[in-house]
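**Q** The annotation substrate binding site is assigned in Swiss-Prot to G65, W162, N215, R407 on the grounds of similarity to another entry. The phosphothreonine annotation in Swiss-Prot covers T48 and rests on similarity to another entry. The annotation 3'-nitrotyrosine is assigned in Swiss-Prot to Y96 on the grounds of similarity to another entry. Here Swiss-Prot flags K122, K159, K227, K296, K363, K396 (among others) as N6-succinyllysine, drawing on similarity to another entry. If you look up Swiss-Prot, you'll see S143 marked as phosphoserine. Look at Swiss-Prot and you will find K279 tagged as N6-(pyridoxal phosphate)lysine. Positions annotated as N6-acetyllysine by Swiss-Prot, on the basis of similarity to another entry: K302, K363 (among others). Residues or ranges marked as transit peptide by Swiss-Prot: 1-29.
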Amino acid sequence: MALLHSGRVLSGMAAAFHPGLAAAASARASSWWTHVEMGPPDPILGVTEAFKRDTNSKKMNLGVGAYRDDNGKPYVLPSVRKAEAQIAGKNLDKEYLPIGGLADFCKASAELALGENSEVLKSGRFVTVQTISGTGALRVGASFLQRFFKFSRDVFLPKPSWGNHTPIFRDAGMQLQGYRYYDPKTCGFDFSGALEDISKIPEQSVLLLHACAHNPTGVDPRPEQWKEMAAVVKKKNLFAFFDMAYQGFASGDGDKDAWAVRHFIEQGINVCLCQSYAKNMGLYGERVGAFTVVCKDAEEAKRVESQLKILIRPLYSNPPLNGARIAATILTSPDLRKQWLQEVKGMADRIISMRTQLVSNLKKEGSSHNWQHITDQIGMFCFTGLKPEQVERLTKEFSVYMTKDGRISVAGVTSGNVGYLAHAIHQVTK
């Protein structure tokens, strides 16, 4: 104790004789980060936190974009469990993957998206790299554009678009613009507005398109509308950047959900494409995705692949192994693939059924509003058309949680709570 005491005394004496030492000590005590402001909470995660604090036994969380079964529980696909068992039985190692990811997974992902008989695949004029789910695919794609797309820095997003699109492209150094997409008057697709805006986009700009199950609106163009949009994209020489996070999950048919991507390619439009297996395989936490660039020829594809690897190396070196093995096992095994496609259709059909039941229950409640847009929309999300003040009432009076824009995750609706939800919506809209 004496030594400690004498140390403090000597330290104090040194500071007294040398004021600079005291100033230095004070500077060390202060933080480097006093200028950092508190960031805003994530709007969707904020909904979940509020939901968790609610003690109402009838509470509903319709904010989170994750599939739930008809009991409201997280759902692990049986095909995923079988694939995991097969992988475990092989006693495989845990070595690093190559920078571009698991080769079998990349090949199978390209086939799933473009079709097994795609001319692009047969000619080898494409490159697919494994990414950290769809978000990682978008960031890799955005970084590639920033470095090599020399024609424009502008990326045109539909209004609205997935909330993460803006920070992903902005943080990669791209500039964000918008084009009309959703019509709040009809709760449907503003086709004439979208076509007019796209036709006015400067040539050689980047156009982001949701391949299916548009997030957050659930509003998709019809095939004939996609055809007209593709014609304008080709005429204006725009670069089509597709985000396909829900293949198979939208309609229950993977080929149907990939129709727009395949049509653009058939029209001679060389696209890039982001894929995610979070929703259609339920591999949320495994972070499994892919980024594909369709090129002029195989030689160009090799050059693009080399630069994608150079971009990926300082970002995360190489992607995760386990989820890619699961997805590749399912996609390359005929029996597992067949089972998986049936399970995906089952999930999609349940969501479609919940949309129908919600509208039916709203009619039973006596609602005089037209709710057809709920069944017209597709995929996990639905833009209800509810106003912010109505959303607030739903939360306060009925413990029904959703984002302020009125978007609900239909996956959170079950046969056990759809009647309660319809009653709550009717009460705040009548």
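Positions of Cβ are set from backbone N, Cα and C atoms, glycine also.
Could you place the listed features in the three-dimensional structure?
**A** Non-local neighbourhood of N215 (substrate binding site): G65, S161, W162, A245, Y246, G379, M380, F381, each in the same chain, at least six residues away, with C-beta under 8 Å from its C-beta.
Taken residue by residue with DSSP, T48 (phosphothreonine) is part of a helix.
Counted within 10 Å of its Cβ, the other Cβ atoms near Y96 (3'-nitrotyrosine) come to 10, all protein chains included.
For K122 (N6-succinyllysine), no same-chain residue 6+ apart in sequence has a C-beta under 8 angstroms from its C-beta.
Around the Cβ of S143 (phosphoserine), the same chain contributes A172, L311, L315, each under 8 angstroms and 6 or more positions distant in sequence.
Listed in sequence order, the residues of the same chain lying 6 or more apart from K159 (N6-succinyllysine) and placing their CB within less than 8 Å of its CB are G178, Y179, R180, Y181, Y182.
Counted within 10 Å of its Cβ, the other Cβ atoms near K227 (N6-succinyllysine) come to 14, all protein chains included.
K279 (N6-(pyridoxal phosphate)lysine) falls within neither a helix nor a strand when secondary structure is assigned with DSSP, and so counts as coil.
Note: K296 (N6-succinyllysine) has non-local neighbours R125, N270, i.e. same-chain residues 6+ apart with C-beta under 8 A of its own C-beta.
Sequence-distant neighbours of K302 (N6-acetyllysine) (same chain, 6+ residues apart, CB-CB distance under 8 A): V127. According to DSSP, K302 (N6-acetyllysine) is assigned to a helical segment.
Neighbour list (K363 (N6-acetyllysine), Cβ cut-off 8 Å, at least 6 residues apart, same chain): W371.
Around the Cβ of K396 (N6-succinyllysine), 10 further Cβ atoms fall within 10 Å across all displayed protein chains. Mapped onto three states, the DSSP output places K396 (N6-succinyllysine) in helix.
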**Q** Using only C-alpha positions, which one of T48, Y96, K227 is spatially nearest K396 (N6-succinyllysine)? These are the modified residues in the record.
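**A** Comparing Cα positions, the candidate nearest K396 (N6-succinyllysine) turns out to be T48.
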**Q** Check the Cα-Cα distances from R407 (substrate binding site) to the modified residues T48, Y96, K279 and tell me which is shortest.
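**A** Sorting the modified residues by distance from R407 (substrate binding site), the top entry is T48.
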**Q** What whole-number Å value do you get for the CA-CA distance of T48 (phosphothreonine) and Y96 (3'-nitrotyrosine)?
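**A** For T48 (phosphothreonine) versus Y96 (3'-nitrotyrosine), the Cα atoms are 35 Å apart.
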**Q** For R407 (substrate binding site), list the number of other Cβ atoms lying within 10 Å of its Cβ atom.
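**A** Its Cβ has 22 other Cβ atoms within 10 Å.
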**Q** May I ask for the distance between Y96 (3'-nitrotyrosine) and K279 (N6-(pyridoxal phosphate)lysine), taken between their Cα atoms and rounded to an integer number of Å?
**A** 25
**Q** Between K227 (N6-succinyllysine) and K279 (N6-(pyridoxal phosphate)lysine), what is the CA-CA distance rounded to a whole number of Å?
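**A** Approximately 27 Å lies between the Cα of K227 (N6-succinyllysine) and that of K279 (N6-(pyridoxal phosphate)lysine).
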**Q** What other residues of the same chain, not counting G65, W162, N215, R407, have a CB atom within 8 A of the CB centroid of the substrate site?
**A** G163, P216, M380, F381, S409
